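These notes concern the structure reproduced below.
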Amino acid sequence: MASLCLSSSRIVSLHHQKPFLALKLRPRPSNISGLGHSTSVVCFNPLRLSADRQRTATVSARAEKRRKRGSSVVCYATPMLSVHNLQWISTISCVALMFARGTGIHKSFVVPLFALQAPMGIVSWMKGEYGIWAAFLALLTRLFFSFPVELELPFIALLLVIVAPYQVMSIRGKQEGAILSLAISCFLAFQHFSRAGTLQKAFDQNSVLATVAIIGVTVVSFLFLI
């Protein structure tokens, strides 16, 4: 009976030891699973943030492209009517009027118009050393040789720009200069079209160059005033 008691105690102890070990080992998988769940939650948030950032970057990139397209259209359209281009159009028109035939205008009015609307580069060249030498040589040629009639007005325009005082040249690019230029242009246009008789005669083969030049000068003077 004593042996039975000892064996039963061992069996009981072993029987109680297994559940104790089993109960002690059970919480570990739960901790691991809980850790895995929390880790999965932490890993999911950065992916969501990165997706939101990519979406925001895509929207901002599209808005930037639209803004660049609009600004490129503006930059393409504005240089066509810049002040520099308008000055060159007026200068070419004035030179064409100086040499044009088939018009009844007083061409002497073209000289101050040229001085008021010529680009600053041309005015600086005329007032510089090269312009003074050109005027000096032209004056010597005019004194000792026969001077072509077509070159009289360009020579006078060169001398006018050289000897013009600062107070007179300072109205270039201002409202006073624009008003004076528009008045001269309208007077020349009135003379040209009134002496041409009809609009059809103004666009004849002999007068078409002067007509286009006068229209160009008048339109440019009006745009300068605006």
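A Cβ is built for glycine as well, from the same backbone N, Cα and C atoms used for every other residue.
So that you can see what the record holds, here are the features copied from Swiss-Prot:
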{"type": "TOPO_DOM", "residues": "125-129", "note": "topological domain 'Stromal'"}
{"type": "TOPO_DOM", "residues": "198-205", "note": "topological domain 'Chloroplast intermembrane'"}
{"type": "TRANSIT", "residues": "1-76", "note": "transit peptide"}
{"type": "TRANSMEM", "residues": "80-100", "note": "transmembrane segment"}
{"type": "TRANSMEM", "residues": "104-124", "note": "transmembrane segment"}
{"type": "TRANSMEM", "residues": "130-150", "note": "transmembrane segment"}
{"type": "TRANSMEM", "residues": "153-173", "note": "transmembrane segment"}
{"type": "TRANSMEM", "residues": "177-197", "note": "transmembrane segment"}
{"type": "TRANSMEM", "residues": "206-226", "note": "transmembrane segment"}
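Between the transmembrane segment (206-226) and the transmembrane segment (80-100) there are at least 3 Cβ pairs closer than 8 Å, counting only pairs 6 or more residues apart in sequence, which means the two stretches are in contact. Taking DSSP states H, G and I as helix and E and B as strand, the topological domain 'Chloroplast intermembrane' (198-205) has 4 helix, 0 strand, 4 coil.
Outside the transmembrane segment (177-197), and at least 6 residues removed from its termini, the chain residues within Cβ reach (under 8 Å) are 97, 103-106, 109-110, 112-113, 116-117, 171, 207, 210-211, 214-215, 217-218, 220-222, 224-225.
If one looks beyond the transmembrane segment (153-173) by at least 6 residues along the same chain, the residues whose Cβ comes under 8 Å of a Cβ in the stretch are 83, 95, 98, 107-108, 110-112, 114-118, 123, 126-127, 131-132, 134-135, 138, 142, 147, 180. Sequence-distant contacts of the topological domain 'Stromal' (125-129), counting only residues of its own chain at least 6 positions beyond either end whose CB sits under 8 Å from a CB of the stretch, comprise 158, 161-162.
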